[in-house]
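Annotated features, as they stand in Swiss-Prot:
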ACT_SITE  Asp8  active site
ACT_SITE  Glu67  active site
ACT_SITE  Asp139  active site
BINDING   Asp8, Asp139  Mg(2+) 1 binding site
BINDING   Glu67  Mg(2+) 2 binding site
Amino acid sequence: MTLILGIDPGSRITGFGVVQQTPRGCVYVASGCIRTGAGELAERLQIVYRGVREVIQTYGPVTMGIEKVFMAKNADSALKLGQARGAAIVAGAEEGMEIAEYTATQVKQAVVGTGAANKEQVQMMVMHMLKLTSKPQIDASDALAIAICHAHTRSSLLPHGLGAARSRGGRLRL
C-alpha cells in the first residue's frame, strides 16, 4: 500500500492531499493548504518548499503527483505558478520521491470522467471517492484529486509490468 502526495501549486495557496493507495482504491490520510501570505515572492516560495517538505516528512509519501502549469490570465501569474511548482518539486526530489505531472484536464478526467468538470464537481467526487463527511478546502480538494489521478495512473501501469509512473512519457526523472 503506497502513500501518495498530491500537490495543487500556487504562489499564495498551495493545496496538498495525501492518500493511501490500496487494492480497493484510495483512502484519505490528510489534506490542507500551505498559505504564504503577501510577502516577497522569494519568501513565499520558501514557505511552499518548507511546507511541502514538512508534509512529506510528517506523512511519508513515496510518490507525488503535481499539476502542470496552465496558461493563466497573464504571463506573470503563469511564471509565479511555475516557480511555486518548482519549489514543491525540489522538496519532493530532495526526499527521493517519484514525481509525476498531470494537466488539469487529466485530473478531471480521472476523477469525474470528463475533462470539462468544474471545481465543485471535482470536490464532490473527491468527497465521494474518499468517503469524506465534510468538504475539504478547494485547493486541498484539487490536491486530493491529483493524488487520486496519480494513484489511477500508477495502478493502470503496474499490471503491465511497467513499474512506477516514471516509466511513462511526460514524467519527471530526477
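Cβ coordinates are placed from backbone N, Cα and C, and glycine is handled just like the others.
What Swiss-Prot annotates, mapped onto the structure for a quick look.
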{"residue": "Asp8", "record": "active site", "DSSP (3 states)": "strand"}
{"residue": "Glu67", "record": "active site", "DSSP (3 states)": "strand"}
{"residue": "Asp139", "record": "active site", "DSSP (3 states)": "helix"}
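Taking a C-beta cut-off of under 8 angstroms and a sequence separation of 6 or more, Glu67 (active site) has the following same-chain neighbours: Ile7, Asp8, Pro9, Arg85, Glu101, Tyr102, Thr103, Ala104, Val107, Asp142, Ile146. Listed active-site residues: Asp8, Asp139. The one with the lowest count of other Cβ atoms within 10 Å of its Cβ is Asp139.
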